[in-house]
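> If you look up Swiss-Prot, you'll see 5-29, 40-63, 75-97, 118-140, 169-193, 230-253, 262-285 marked as transmembrane segment. Under the heading N-linked glycosylation site, Swiss-Prot lists N142, N149. Annotation comment: Swiss-Prot describes E164, N248, S272, H273 as adenosine binding site. What Swiss-Prot records for 401-410 is compositional bias 'Polar residues'.
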Amino acid sequence: MGSSVYITVELAIAVLAILGNVLVCWAVWINSNLQNVTNFFVVSLAAADIAVGVLAIPFAITISTGFCAACHGCLFFACFVLVLTQSSIFSLLAIAIDRYIAIRIPLRYNGLVTGVRAKGIIAICWVLSFAIGLTPMLGWNNCSQKDGNSTKTCGEGRVTCLFEDVVPMNYMVYYNFFAFVLLPLLLMLAIYLRIFLAARRQLKQMESQPLPGERTRSTLQKEVHAAKSLAIIVGLFALCWLPLHIINCFTFFCSTCRHAPPWLMYLAIILSHSNSVVNPFIYAYRIREFRQTFRKIIRTHVLRRQEPFQAGGSSAWALAAHSTEGEQVSLRLNGHPLGVWANGSATHSGRRPNGYTLGLGGGGSAQGSPRDVELPTQERQEGQEHPGLRGHLVQARVGASSWSSEFAPS
């Protein structure tokens, strides 16, 4: 693989990583059903993947050219991608622990896992990621080693900027890989294994003698589906990053082995960066709420088609009904937290916390409504078939939104 092919593929990955993960953050921003503790960690993971596309990949392309630079400047370029990798690892670990608590001790979940605590954990994860990734900047580097070839080519105090020339391989293997990549991955493997074993045991108990007050079988199955989706993301992370680390291990432990050819190194680097692209596809394929919100964003903001917003499988459609005096009528979808308008924007902060309201004036535009109205679900369905009906008001009974319900199988 030539350098021009490598650069072209890297740029394509960068664009896809930015677009896909911006879509994830956008979906969480506009859909209140996605605004929960677990998705705080998902957004943190998406932010790291956006930074890979914006910064890490351009840095990697720059380093691949072997340009002349001050050693510590080159070192910062080389280490920055390690910061983002570490942030992704910590986000995945936090998600695994969050799902473990949700399944093992569901009655205590809301008390233990709060938004404030989640944001604090995310902040700590990012601080630790910078500390671990930038450790070579503090002295664990090759800058003190004199390279006659670099001095001859680049001049005194400057080096040929290549990753292995500035970052020591013992740091990459012992510290970065063994301590902060492999160990967290094994921990996540153990957590998800315990999640599935606990869920299996609970499902068997429900079949034999269901106890009053326990979660229903369908709720637990949704939790398991959620855990499977996130376990897939962890598995893909390992699949994308382990080849590069395995090559580093061979380089470090087998001094007599032939160094990996450039095409293999390029392929391993591309595979590691491609991990930043795959997560949005997993969300879209496995998580119904994300999939519906992605469609809404693309159709409304990319294709410029105005259509009703869907959340949790229920349509938030505008009911064109008003009285003969022209007074406004609104449709409230019960069971939801603060929601979104039909055009995808957030509701007013003064809305009731148990639902969102679509106000329709005489002109049919969404606006504030003086009163909420409720109708049977059957009439709502009939109203969709006969949009010209006047005076029919609809109540769409939507169950309380929970994070696990987003993961209900399609």
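Each residue, glycine too, has its Cβ placed from N, Cα and C.
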> Would you kindly check 40-63, 75-97, 169-193, 262-285 and say which stretch has the most C-beta pairs under 8 angstroms to the transmembrane segment (118-140)?
75-97
> Can you give me the Cα-Cα distance between E164 (adenosine binding site) and N142 (N-linked glycosylation site) in Å, rounded to a whole number?
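Counting only the Cα atoms, the answer is 9 Å.
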> Report the same-chain neighbours of N248 (adenosine binding site): residues 6+ apart in sequence with Cβ closer than 8 Å to its Cβ, ordered by sequence.
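The answer is M169, M172, V173, F177.
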> If we skip the immediate neighbours and take only residues 6+ beyond the ends of the transmembrane segment (169-193), which ones have a Cβ under 8 Å from one of its Cβ atoms?
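Hits for the transmembrane segment (169-193): 82, 85-86, 89-90, 92-93, 96-97, 99-100, 132, 135-136, 140-141, 227, 230-231, 234, 237-238, 241, 245, 248-249, 251-253.
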> Long-range neighbours only, meaning 6 or more apart in sequence with Cβ under 8 Å: which ones does N142 (N-linked glycosylation site) have?
C71, D165, V166, V167, P168
> Taking the binding-site residues one at a time (E164, S272, H273), which has its Cβ surrounded by the most other Cβ atoms within 10 Å?
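Its Cβ has the most other Cβ atoms within 10 Å: H273.
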